[in-house]
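Asks: I'd like to ask you about the structure that follows.
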Amino acid sequence: MDSWTFCCVSLCILVAKHTDAGVIQSPRHEVTEMGQEVTLRCKPISGHNSLFWYRQTMMRGLELLIYFNNNVPIDDSGMPEDRFSAKMPNASFSTLKIQPSEPRDSAVYFCASSL
């Protein structure tokens, strides 16, 4: 086996706890083997109808991946390739999936919500 087989992808997630921000994201940290599926979850602030998924890397800075309004994707132009997908089946829950994960996916991922 080559060294890539054992390469791990580190995905750090910025999580807002039960504070004024109110957005809940899980898991807090995710480390996975290359090729595995990663699912990030976000619960927006109750009553907010817009949800945003972001990715931040040292090389590219902050990037908007996808934006939902009333559970409908409005702008997904930042979603890289076909390995990334996001859903918002209802107003209280969204997921961001990466499958299969690759080393270049290492970043800080976070979501935000607004009225």
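First residue shown is number 1, and so on along the chain.
Just so it is clear, glycine is given a Cβ too, placed from its N, Cα and C backbone atoms.
Per Swiss-Prot, the features are:
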DISULFID  C42-C111  disulfide bond
DOMAIN    22-115  domain 'Ig-like'
CARBOHYD  N90  N-linked glycosylation site
SIGNAL    1-21  signal peptide
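Could you tell me the structural context for the features on the list?
Replies: According to its DSSP assignment, C42 (disulfide bond) is in a strand. Cβ environment of C42 (disulfide bond): V23, I24, Q25, L51, W53, F93, S94, T95, L96, C111, S113 lie under 8 Å away, each six or more residues apart in the same chain.
Averaged across the domain 'Ig-like' (22-115), pLDDT in this predicted model comes to 95.
Annotation for N90 (N-linked glycosylation site): same-chain Cβ neighbours under 8 Å, separated by at least 6 residues, are N71. Under DSSP, N90 (N-linked glycosylation site) is assigned to a strand (E or B) in the three-state scheme.
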Asks: Could you give me three numbers for the domain 'Ig-like' (22-115), the DSSP helix, strand and coil residue counts?
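Replies: So the domain 'Ig-like' (22-115) is made up of 3 helix, 56 strand, 35 coil.
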